[in-house]
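K.L.:
I grabbed these lines from TrEMBL:
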{"type": "TRANSMEM", "residues": "43-62", "note": "transmembrane segment"}
{"type": "DOMAIN", "residues": "46-268", "note": "domain 'Ion transport'"}
{"type": "TRANSMEM", "residues": "68-88", "note": "transmembrane segment"}
{"type": "TRANSMEM", "residues": "109-128", "note": "transmembrane segment"}
{"type": "TRANSMEM", "residues": "170-189", "note": "transmembrane segment"}
{"type": "TRANSMEM", "residues": "209-226", "note": "transmembrane segment"}
{"type": "TRANSMEM", "residues": "238-266", "note": "transmembrane segment"}
{"type": "TRANSMEM", "residues": "388-406", "note": "transmembrane segment"}
{"type": "DOMAIN", "residues": "389-642", "note": "domain 'Ion transport'"}
{"type": "TRANSMEM", "residues": "412-434", "note": "transmembrane segment"}
{"type": "TRANSMEM", "residues": "446-464", "note": "transmembrane segment"}
{"type": "TRANSMEM", "residues": "507-532", "note": "transmembrane segment"}
{"type": "TRANSMEM", "residues": "612-638", "note": "transmembrane segment"}
Amino acid sequence: MAEGASQDLLLAAAFVSDAQYNRNIPFRTSPEAVRLYYLYNHWIMRTVTYFFIFLNLSLAVFEEPAVYPLPFLVTSLIEVLCLLVFFGRLTHFAKVTLRNVFWKDTKNICIMVAILLSLTDLAIYGVLRMYNMRSIRWSRIVRPIFLINFAESRQIRRAFRSIRNTLPEITYVFLLFMFSLLMFSLMALKLFGERNLQTAEGLPYFKNYLEIVFDLYVLVTTANSPDVMMPAFDFSSWYALFFIAFVIVNTYIFMSLFLAVVYNNYKKHLKNEIRKLAYMKHRKMIEAFNLLKEEEGAQFVVREARWKQLVKLVAPDISNSHRELLLCISDNEQKGFIDKKSFVQLADLLNIQVITLKIRSHPLGQWMPRVYKSAVSRFLRSMVRHRGFVWTYDVIILINAIFIALDEETPYISYAEWVFLALYIIEILLKVYTYEPRAFFGKNQFWNWFDTLIIFAALTATVLNTTLKSTTKYNSQQILDIVFILRVLRLIRIVDSIQRFRVIMNTLINIVPTMLTFGGLTLVVYCVFAIIGMELFHGKIQFFPASSNVPYALECGNPALKDSLFARGKYCKNNFNNFASSFIVLMELTVVNQWHVFANGFANVTVQPAKLYFIAFHIVMVIIIVNIFVSFILEAFFVEYSLEKSEVETAIEQKIQELGMGVQEDELQHEQLLDNMESAEHDLEGEGGTKPQSKGLVFKIASKPTSSPLFCLGPSVHACLH
């Protein structure tokens, strides 16, 4: 009986954990499968999987054409090891899911096919290499499949689903845009084709229809404006009207229409995703409740003891005080059990990050109470807390910015740097003296850590640079660069002093985890296009130093680039000769400026249809993915600026206000409370099991760092929490 209850508890904890982290994996419910499922979701297993995924992707850096060449045997063994890990992870997943579900899941089929293709290609390439026959590693293009299709990458898959769902609407707009482009190209051919005009390079102007289509497509991106217009404009000023109309219709209207369509579809499908996740979360919580429920009168409930055991399994790292707080919210009337409605909210309660803070005195107040509590000390601490202290250092930062911009070689400027460093160090020491050190350097005190690390890193680099210059003739440019960068980074501190800046920065910090999803999406696209680019353009363009005597060094080693904009612009280092260079080129293409010069340059050294590669990248990356990223940023900022507290957050705050003394954050600036704040995840019980009578607790909801109240719980509420 006890064993069955324990197994039910373990299974219920798995359901709650899935609801908390929005996992939708239909796993087997047998005791062995549940334990394997826990192991599958363990953070170490996920970390190992991600490590081998990125190791597999990074092999392109060491394979031919390599940035850092490694022997083929080494890279092939590493790749085989990665594939074995992927196969093991897939096998582990098969052990915890239902057989019919596993084989119907296209993610698993994609992973198995990718493993087989990789092994087949590796074997063929190795055999051909033994006979000195050149081959293409075509399977490298399937490596991003592992990043997309493992269960851990559900956020990236959602981003791809968003793209897939948006494509039908984008397709209609894109077809209409292409119709407009082709029509304007035809008009351009008729208007300018027979006038014998020439470009600045002496080439025929708008003679070839396909060239006109490409040039006008580039004009949509504004990369060749106004150069593409100038021959016609020089011939007659009236022809400027053609290009003005084209830019208004295609650049401003159609490109804005792309963003509008993407944003509208993104919002619609985002709502659908949220509804689906909410439904799955509710269903998981109901399944967990049904496993633990007991009959209480006319309703089913979960007993307090079982609820506590469940929370310990799901969130073992939260403190006892935090757990008791959640219990008080779930069991609002202190009946000793949790009803179904309150139980279903548990996953949302656990998702709200509540920081537990303990009230303790400053160490100096314990070691030197007479000195620390003296009139001079109190005046000094009140001065540091005063807003004028912050304003004073804001002015110092601005003056420091002016000195940074001045000539470093001037002796007075060099001496001033030491003055500023001394002032910043004094500021940090005064703050540590005023505020409790462990609270000042708490895990959520980002700006305090940032200030301290920047100042002491700048001090170390400056001392090291000065010592080297005074004792030897050695002058390290790298150290100087570090010093200059650290000096500039100090200016970022001004951001924390302005309220609106803090709102924006906190919004950016809050959306960083989701932005990483689009980072993964971009990585997938870059990897695919980089591998294709290396196969198409490797070795076609070479970079040579300015002093090189190699034939055609000025033409990037290829006579086809003679007198081209690519060669004249000295873009030779922008090539696809290795994985790193390919990524740099793709980043430059994403920025769009001068992308047509790259397209023409690589088309000149290969074939003209090679321009389709660059057009395809622009459509996929700039028109689709960047617009989806912009849509995400817009929606995130709208949500952050307009969203009110959730029902669960409000329930937490109301309950703490009911139980104890609710203290707003601005009230915590009072000396007697703020001096004693300490970030800690301790229990309410003191040593030896006695309850502390002189030290209370503070809870802070961390999801809203700029406006969340902090709640102080003193001894008066210990009866509820215990």
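Just so it is clear, glycine is given a Cβ too, placed from its N, Cα and C backbone atoms.
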K.L.:
What mean pLDDT score does the domain 'Ion transport' (46-268) have in the model?
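P.N.:
In the predicted model, the domain 'Ion transport' (46-268) has a mean pLDDT of 90.
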K.L.:
Taking 3+ C-beta pairs under 8 angstroms (sequence gap of 6 or more) as contact, is the transmembrane segment (43-62) in contact with the transmembrane segment (507-532)?
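P.N.:
Counting Cβ pairs under 8 Å, at least 3, so yes.
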K.L.:
Six or more residues out from either end of the transmembrane segment (507-532), which same-chain residues have a Cβ under 8 Å from its Cβ atoms?
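P.N.:
Sequence-distant neighbours of the transmembrane segment (507-532): 57, 60, 140-141, 143-144, 147-148, 153, 155-156, 158-160, 446, 576, 579, 582-583, 586, 613, 617, 620-621, 625, 628-629, 632-633, 636-637, 640-641, 703.
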K.L.:
Can you name the far-off residues of the same chain, 6+ from the ends of the transmembrane segment (209-226), with a Cβ under 8 Å from a Cβ of it?
P.N.:
181-182, 184-186, 188-189, 233, 243, 246-247, 250-251, 254-255, 592-596, 599, 608, 611, 615, 618, 622
K.L.:
State the residues, same chain only, that lie 6 or more residues beyond the ends of the transmembrane segment (612-638) and have a CB under 8 A from a CB inside it; answer 'none' if no residue qualifies.
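P.N.:
Counting only partners 6 or more residues beyond its ends, the transmembrane segment (612-638) has Cβ contacts under 8 Å with 159, 162-163, 166-167, 170, 174, 214, 217, 221, 258-259, 262-263, 266-267, 270, 507, 510-511, 514-515, 518, 521-522, 525, 529, 532-533, 536, 586, 589-590, 592, 595, 598-599, 602.
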K.L.:
So which residues does the transmembrane segment (412-434) touch in its own chain, when a touch means Cβ under 8 Å and the partner is 6 or more beyond its ends?
P.N.:
364, 380-381, 384-385, 393, 396, 400, 403, 406, 440, 448, 451-452, 455, 458-459, 462, 487, 490, 675
